[in-house]
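The following features are taken from TrEMBL:
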| type | residues | note |
| --- | --- | --- |
| DOMAIN | A:81-299 | domain 'ABC transmembrane type-1' |
| REGION | A:1-23 | region 'Disordered' |
| TRANSMEM | A:29-52 | transmembrane segment |
| TRANSMEM | A:88-108 | transmembrane segment |
| TRANSMEM | A:120-143 | transmembrane segment |
| TRANSMEM | A:170-192 | transmembrane segment |
| TRANSMEM | A:224-244 | transmembrane segment |
| TRANSMEM | A:280-299 | transmembrane segment |
Amino acid sequence: MTTLQPPAAVKRRPAPPPAKRDRRSWSGWGFIGPFVVVFAFVFLAPIAYSIYLSLFRDQLIGGTTFVGLDNYQQALQDDRFWQSLARVSLFLAVQVPIMLGIALLVALALDSGRLYGRDFFRISIFLPYAVPAVVATLMWGFMYGTRFGLVSDINDALGTSLPNPLSPDLVLASIGNIVTWEFVGYNMLIFYSALRVIPHSLYEAAEIDGAGQIRVITAIKLPAIRGALVIATIFSIIGTFQLFNEPNILQKLAPNSITTDYTPNFYTYSLSFSGQQHNYSATVAIIMGLITMVIAYVVQLRGMRKGA
Amino acid sequence: MRMNARRLLRGIALVSALTLGATACGGSDDSAAEQKPVSAKDIDAALKKGGTLKVWAWEPTLKKVAADFEKEHPKVKVDLVNAGTNADQYKALQNAIAAKKGVPDVAQIEYYALGEYALTKALDKLAPYGADKLAGKYSPGPWNSVKSGKDVYALPMDSGPMAMFYNKKVFDKYKLKVPTTWDEYVKTARDLHKANPKAYITADVGEGGTATSMLWQAGSRPYKVDGTKVKIDFSDAGAEKYTDTWQKLLDDKLIAPITGWTDDWYKGLGDGTIATLTTGAWMPANFVSGVKDASGDWRVAPLPQWTEGDTTTAENGGSSLALPTLGKHKELAYAFAEYANAGKGVQTRIKEGAFPATTADLESDAFQNTAFPYFGGQKANKIFAESAANVGRGWSYLPYQVYANSIFNDTVGKAYVSGTKLADGLKAWQDASVKYGEEQGFTVEK
């Protein structure tokens, strides 16, 4: 693009090229300008501001001082941060495969064409995604109640004593259950739409070759939707690392099971809103953002490489 | 193409540097100059001139007070906003102060939270408005609570001398005696739970405010504050008394694990699951509005004692009205705070069920002889007023108590759901509070 020069100008004044630097064409900027401005203010400025914040420390006594990278050093040695990260990593390792597995099964079932009332199932499985996370968590929170909730009703009716889903040992699994319920439909839709674009001729060819349904799935369907699987996995990883609504709301019901540093996001929230440690909170957020980026990128690289 | 990308990056860097520069400008700190005195004349003039006063408070009785105030000063409009109850409102207020934008003219702040605001010079000193003359009007507890050093930072609105609320119907049904000491309380808890495994003496999942009040009554003084020097120590004899007793209740699962102010909690108070509640004298209005079904079942008794025959109590909650430095309409703000907390507003609020901090009202016959239909006609204010007079002296909160309370469940909460001992939980709370204090620049002595 930079080499493009108006030919007329070349003809008229061929000899001296003294102001070569100034003669660059700026028309490209005209096209990209509006985007760059919006991009800079909406995407880059907040990040730049967070980085700026993370270089300071604001104390109740002493006010704001520049501390360089001290906050980063502190965060890297912060047990509370690493514990919260370990917690969401465990969540990631268990919940995401389960959720995506269910979503995939459902998508394959819907796509098989053998399901009666396919549209009904598709909509009803997708429906939880339309429920705001806050409402969903409140709803599940009530059901989890061992005193007046569904769990207590089951206990009363069957004479059982189910363990408390909101106890410290089980609450992570309970959150996993809520998240799975919320997002199976969403992921199912991604997979399902990827499945729908596979050309039918492939199935026909497979049938002629005598392939069974299982074979069709492993040899045609799964390879064809690999891209969708990778995307859904990346979304899920990011979503997991950003877990906030569910623990934040359940904490009101089970304050001793969910600490103020339960997930990295919840920790930054507590730091900033209860602790007035905005600078340190920005630091933790940036580190968390970097970690998420790296992991998502690695997954993308691996997923795509296999696909190639 | 590579050349282009580099130039694009340079452009982006330039733009973000510009925005950064713009955002960074907000950082300059202009601490308030020495306050000028505001005379009664200035306040009158401001009231005549009028204006819109922004008040942040969750105390329900202020609604009527605000309406009366507007009637008395037709040019003044009071914009009463409920910005959340306690911790939620403090978050909003801190954010507004940090952003220097949308700060209310008057804010409700509980006694335990005042220190932080006074320390960071976020509140106007009230002596220049003439508040020091009101010292004699208030009972000493609340008045000391609004002072930091020699300066007055707020006007006391109510107070929370503690008492024990108990469900008489449950006590009668199982023929239980109302406990007067904490030992009896534990015994009553056992008897009750044995008689009905679904009933508990009280509900508690660990809450900083309640725990500190219990420690206060037990004679523990864990926090010592001297300006920016702070000492935190939960190992005194008073703390031991508290942890010993509460540990027994926890070990035998005699406390219902129901979080306060939830639906379950209100239901539990109504249906006899929760038999007693030890809390501040501001509670009756909440019973009337939140536990309607149990009207007539509940009564009030003095707080159980650590030593038989003793009368020491503690405060739980209680709030004040303060004037944030960044607020506007200072004269109107002070006029409103004084009207609500020391003037005609006090009577209005008492009629609506509030518990005042002004001695004249506390001691008046009309107040003491008020019969509470909810408590079966009991004259409960007598018990509250007696409790107010016997609040243990010398208690102080941390200058960052709001934060400390926010991590109570991270630390002490473990004792409620696992094998951790309460005393160890308190130690963990102490350590976390010390750490935060040091991070915030306090000199912390352990």
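Each residue, glycine too, has its Cβ placed from N, Cα and C.
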Checklist outcome for this item: Given the transmembrane segment (A:280-299), its same-chain partners at Cβ distance under 8 Å and 6+ residues beyond its ends are 47, 50-51, 53-54, 57, 71-72, 74-76, 78, 81, 85, 230, 233-234, 237-238, 241-242, 264-265, 267-269, 271-272
Next on the checklist: Are there residues at least six beyond either end of the transmembrane segment (A:29-52) with Cβ under 8 Å to its Cβ atoms? List them, or say none.
Outcome noted: 282, 285-286
Checklist entry - Where among A:88-108, A:120-143, A:170-192 do we find the most Cβ pairs under 8 Å to the transmembrane segment (A:224-244)? => result A:88-108
